[in-house]
Amino acid sequence: MNKKILQILEYDKVKEQFMNALTTAQGQKELSDLVPLTDKDKIQLLFDEVADFRLLTQENGLLNLGKTNDLTEILRRLELEASLSGKEFVEIKKVIQLGINIQRFFDEAENVETPSLNITLEKLVDLSGLIKKLEIFDNAGSLYDNASLELMHIRASIKSHQSEIRKIMQEMLTKNLSSLSENVITIRNDRQVLPVKAENKNKIAGVVHDMSASGQTLYIEPNAVVSLNNKLNQKRIEERQEITRIYRELAEELKPYSFDIRQNAWLIGHIDFVRAKYLYLTANKASLPALTNDKDIILFAARHPLIDAKMVVANDIKFDKTLNTIVITGPNTGGKTITLKTVGLLTILAQSGLPILAEDGSRIHLFDDIFADIGDEQSIEQSLSTFSSHMTNIVQILAQADENSLVLFDELGAGTDPKEGAALAIAILENLRKRNVKTMASTHYPELKAYGVETQQVINASMEFNIDKMQPTYHLQLGVPGRSNALEISRRLGLPETIISEAGQQISESEHDVNQMIEKLEEKTREVIESSRNIKKIERENQSLHKDLTKVYNQINRERDFELEKAQKEAQEVVKKASLEAQEILKNLNDKAALKPHEIIAARKELEGLAPTIDFSKNKVLKKAKAQRGLKQGAEVNVTSYGQRGKLIRLEKDGRWTVQMGSITTRLSEEEFEVIETPEQIQAKTKNVSKKVTSKVKAQLDLRGMRYEEAELELDNYIDQALLANLIQITIVHGIGTGVIREMVQKKLQKHRHIKSYEYAPINAGGSGATIAILK
């Protein structure tokens with residue numbers, strides 16, 4: 001895309017609005033290098049990343065990123081084996097740690113899938129092994145004492161020498177206060193000295209390191225600490241040498257990973273940029289438009305991003321594929337230029353993968369290039385008039401624009417004789433229309449109103465003007481040509497009625513009729529716009545309610561799953577405890593050679609007491625299951641409490657069954673035995689299930705005519721049924737239409753773990769209107 005349009009539409013100023021949300025140097029670099037794209041798949045991926053991040057944040061909170069600086073020069077020097085400073089090692093550490101934190105955040109994220117972001121995350125290299133090597137630095141870039149054993153010993157010696165020197169110096173300071181100019185110990189040439197009055201220099205034996213500017217004070221190192229200071233300086237030299245050695249070894253260990261560190265830095269920067277887009281999206285009530293190749297520009301509540309949010313006026317702009325040209329007529333200062341810039345700028349932002357200031361449902365066609373003649377671009381150096389300057393620009397546009405270009409003209413034909421200017425404007429627009437070039441033009445020439453009415457694929461538009469307040473509203477009115485309000489405005493400003501009346505007589509009857517017709521059109525348009533706004537308001541409220549309900553539903557599901565898991569664990573603990581106690585009781589029984597009847601009854605009661613007393617009488621699921629057990633007289637059962645087979649004799653009044661086990665007859669509750677199914681029952685049940693599943697599942701599902709949510713639910717159910725029926729291949733008919741249902745189907749198939757592969761149907765079987773899937 002040509003650079004001139006980026007300057008005209010102030011593209012870089014909009015990019016600056018994202019800069020404050022970025023925390024990494026790499027993210028800022030990616031923003032600076034950003035230009036509009038024309039590859040639909042690449043742009044869609046950028047939008048999908050933001051959509052993924054939005055879902056991730058809604059479920060798991062905002063990802064926090066620390067500030068990082070540019071590693072380009074640091075890594076270049078690392079690869080050249082040049083020495084690095086402690087602060088530079090810390091910068092490397094920050095990037096590595098940030099990569100680890102990001103990976104951990106995504107790994108621990110719940111209730112959301114981020115397939116688009118995963119493409120970036122999968123490229124992140126795990127460098128956690130290097131973090132331990134870099135933990136020897138504090139945040140300022142200084143080495144900790146335990147960076148090496150040698151460094152620890154050296155610094156311990158330094159502290160010992162410093163302490164000893166400080167003690168001696170403090171004693172000398174106290175003893176020689178009268179000889180000192182100040183009651184302090186100071187530093188000269190890295191050695192501790194005393195500020196001695198010049199006349200008392202012979203009272204303190206030592207080495208003079210400095211003199212005050214006045215010559216009244218000498219800075220003397222007492223002989224008592226000279227030797228210790230020498231030792232201290234030697235240890236400091238050893239400390240520097242050890243630090244250099246540690247730096248060198250660490251650099252050698254990091255060098256093989258320089259490529260991975262550099263790649264991680266850029267990947268982190270990209271995630272930072274995605275995060276910045278999300279923050280812009282939410283802070284500005286922006287949206288991610290649908291991308292099209294059908295020449296649709298549909299913008300709902302479009303706003304110019306460089307106008308104050310409190311002042312900007314939102315406009316619906318429907319420049320669909322049925323239209324080739326929009327002609328905005330009417331007086332100046334009504335917002336025509338801003339409308340042109342808004343369309344161009346939002347298109348460029350969308351093609352850059354950035355959110356746009358428009359409501360959901362907006363659609364943007366991808367253009368190869370955008371051209372504009374907006375504002376007074378005359379060149380003083382070339383001594384061109386305003387008209388010549390514009391015409392020079394227009395000539396270049398006509399030479400370069402094609403059917404996949406968007407052209408914007410502001411005050412087309414201005415700067416010359418009105419009749420000739422209008423004629424030129426019509427001819428230029430007609431040339432572009434015949435070449436199928438999408439064009440928006442503003443003009444104040446009334447002749448272009450007739451062109452907009454009489455010409456196919458061309459529509460008039462105007463900017464609304466509030467007569468009562470005598471000021472423009474900046475609302476775009478599609479289908480309504482602009483009209484002059486000069487007479488009415490003059491009347492309200494106090495111009496004598498006689499003058500207004502005489503002026504009105506100068507206007508032809510046909511022109512007067514046209515103005516009345518336009519006025520009625522404006523009223524109807526206002527009514528339609530107001531009705532449309534109310535409908536959109538209700539839609540937004542419904543969408544908000546749907547989001548809230550979905551969030552509550554997901555929360556309930558999470559809490560339910562948590563409670564089920566908790567109950568399951570508790571049940572397992574109860575069973576485990578009961579099992580251990582039962583084993584202990586059985587062991588005690590086995591230890592006794594002979595048992596008396598009352599001991600057997602007591603032991604059995606003890607076993608029964610291990611089971612928790614839960615009332616299942618109101619449980620519908622258990623009732624249904626019990627009814628399906630088919631308990632009847634003569635049925636074979638397995639008595640679980642005795643581990644023996646038996647036969648049901650009769651059902652007693654208390655709900656228990658009399659069961660015969662060999663020669664023993666006893667009464668048991670239904671929970672104490674299980675019905676043993678005969679081979680015939682098992683075979684009949686299997687046939688039943690097989691017949692029930694396979695008889696109802698077809699190999700084709702037709703989603704045409706369904707709403708998105710309805711189609712999505714129908715597809716989920718159908719795949720489950722197809723899997724139960726052991727189908728190998730299925731066909732989903734979704735039609736071509738807008739492509740929304742088709743994209744939903746393919747995303748579902750891509751994510752489903754039981755789908756082996758999928759592709760569009762052959763041409764003779766529906767082509768891109770149907771998808772064939774192979775089941776695993």
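Placed from the backbone N, Cα and C atoms, the Cβ positions cover glycine too.
Listed features, source Swiss-Prot:
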BINDING   Gly330, Pro331, Asn332, Thr333, Gly334, Gly335, Lys336, Thr337  ATP binding site
DOMAIN    701-776  domain 'Smr'
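DSSP places the residues of the domain 'Smr' (701-776) in helix, strand and coil in these numbers: 35 helix, 19 strand, 22 coil. Of all the binding-site residues given, namely Gly330, Gly335, the one with the smallest number of surrounding CB atoms inside 10 A is Gly335. DSSP assigns Gly330 (ATP binding site) to coil in the three-state reduction, outside any helix or strand.
For Lys336 (ATP binding site), the number of other Cβ atoms no farther than 10 Å from its own Cβ, over all displayed protein chains, is 27.
The secondary structure of Thr337 (ATP binding site), as reduced to three states from DSSP, is helical. Counting only residues at least six positions away in the same chain, the Cβ atoms of Ile374, Gly375, Asp410, Ser442 sit under 8 Å from the Cβ of Thr337 (ATP binding site).
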